[in-house]
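Q: A single structure is presented below for examination.
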Amino acid sequence: MTAPSQVLKIRRPDDWHLHLRDGDMLKTVVPYTSEIYGRAIVMPNLAPPVTTVEAAVAYRQRILDTVPAGHDFTPLMTCYLTDSLDPNELERGFNEGVFTAAKLYPANATTNSSHGVTSVDAIMPVLERMEKIGMPLLVHGEVTHADIDIFDREARFIESVMEPLRQRLTALKVVFEHITTKDAADYVRDGNERLAATITPQHLMFNRNHMLVGGVRPHLYCLPILKRNIHQQALRELVASGFNRVFLGTDSAPHARHRKESSCGCAGCFNAPTALGSYATVFEEMNALQHFEAFCSVNGPQFYGLPVNDTFIELVREEQQVAESIALTDDTLVPFLAGETVRWSVKQ
């Protein structure tokens, strides 16, 4: 990696956790990812969710149809696990190169997850098949019992779901997505080579004070929710250490402004336009820019068993102001860090 003080040249990154939605929203947001990233793991929580090979093929084509000319971008599709999913369908999709991974949403944990899994036991035949064929499991790691505090749901998931699952299926490859706690950072660091994690820019840059002190900031509201500063610091220390089983996953999750700024707002940060520069800022603050390229462009492909990208991009260190909003057909999108001045941005 070449790192003069004002320019960072890195191998083209990938986004290992991304929501692109569908319809007009899809057309609006895809270019913000496809101009920067070579590949992205695309989340399957549409309505209805992507649970068949045919649905994934059709969705992949809708994505590709929106990629601007000149962008070299490959969407990596995922299967939404449900209690009734046929293991043979999953294996067929994996063998045919349609499904790269499968996603476990605990029922009602996040946006469009009402079809999610009610218990791990309900999908054990599917998970056993995934272990057998080497298909990665992507996990939204929160329990959803009504009596468990929202700030405790990730830590409780580790002890009640994740660890028993990994003890039972020892060869299963697992990505603990968008980790937000010291508990999860320690768990992944102490795990073996079959356990990895993604971290979002918002969980590295902010904690719950930023979202709640001096007024509620709905555009920082995402799930898993921002935690206290000791957890934020643990995540920052994990990425700054150069640990090779943690990698870039923005969890960019667009919602129209009126669905965020409401009396019952949706969870999700649309960070695709600003994520890479945000990560660079964090690595610079942690004096860890020497590990930035691996986090963005190497660790993910290594875990998935895929080649790294063979092209490069540059980030420049110069102050730029983020747009206040982005036009949608009948509304607007508010990007992560809207209206703020950022230090790093992708060179156009």
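Any Cβ shown, glycine's included, is placed from N, Cα and C.
Marked as substrate binding site by Swiss-Prot: His19, Leu20, Arg21, Asn45, His140, Leu223, His255, Ala267. Here Swiss-Prot flags Lys103 as N6-carboxylysine, drawing on sequence analysis. The feature Zn(2+) 2 binding site is assigned by Swiss-Prot to Lys103, His140, His178. Per Swiss-Prot, the feature active site maps to Asp251.
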Q: Report, in whole Å, the straight Cα-to-Cα distance of His178 (Zn(2+) 2 binding site) from Ala267 (substrate binding site).
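A: So the alpha carbons of Ala267 (substrate binding site) and His178 (Zn(2+) 2 binding site) sit roughly 14 Å from each other.
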Q: Nearest to Asp251 (active site) in three-dimensional space, by Cα, is which of the binding-site residues Asn45, His140, His178?
A: His178
Q: Listed binding-site residues are Asn45, His140, Leu223; which of them have CA atoms within 10 A of the CA of Lys103 (N6-carboxylysine)?
A: Asn45, His140
Q: Give me the sequence-ordered set of same-chain residues, not including Lys103, His140, His178, with a C-beta within 8 angstroms of the centroid of the Zn(2+) 2 site's C-beta atoms.
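A: Checked against the 8 Å cutoff, the neighbours are His17, Met43, Leu104, Tyr105, Thr110, Leu138, Val139, Gly141, Glu177, Asp251.
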Q: Hey, what's the widest CA-to-CA gap across His19, Leu20, Arg21, Asn45, His140, Leu223, His255, Ala267, the substrate contacts in the record, in Å?
A: 19
Q: Using Cβ atoms only, which residues of the same chain lie under 8 Å from Leu20 (substrate binding site) while being at least 6 residues apart in sequence?
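A: Non-local contacts for Leu20 (substrate binding site): Leu26, Val29, Val30, Thr33, Ala40, Val42, Met43, Ile63, Pro75.
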Q: So how many other Cβ atoms are close to His178 (Zn(2+) 2 binding site), meaning within 10 Å of its Cβ?
A: 26
Q: Measuring Cα to Cα, tell me the gap between His178 (Zn(2+) 2 binding site) and His140 (substrate binding site) in whole angstrom.
A: 8
Q: Starting from each candidate's C-beta and looking 10 angstroms out, tell me which of the binding-site residues Leu223, Ala267 has the most other C-beta atoms.
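A: Selected residue: Leu223.
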Q: Near the Cβ of His140 (substrate binding site), how many other Cβ atoms are there if near means within 10 Å?
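A: Step by step: centre on the Cβ of His140 (substrate binding site), count other Cβ atoms within 10 Å, giving 25.
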Q: Counting Cβ atoms within 10 Å across all protein chains shown, which of the binding-site residues His19, Arg21 comes out on top?
A: His19
Q: Give the three-state DSSP assignment (helix, strand or coil) for Leu20 (substrate binding site).
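A: The three-state answer is coil.
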Q: Out of Asn45, Lys103, Asp251, His255, which of the recorded positions has the smallest number of neighbouring Cβ atoms within 10 Å?
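A: Counting other Cβ atoms within 10 Å of each of the recorded positions Asn45, Lys103, Asp251, His255, the minimum falls on Asn45.
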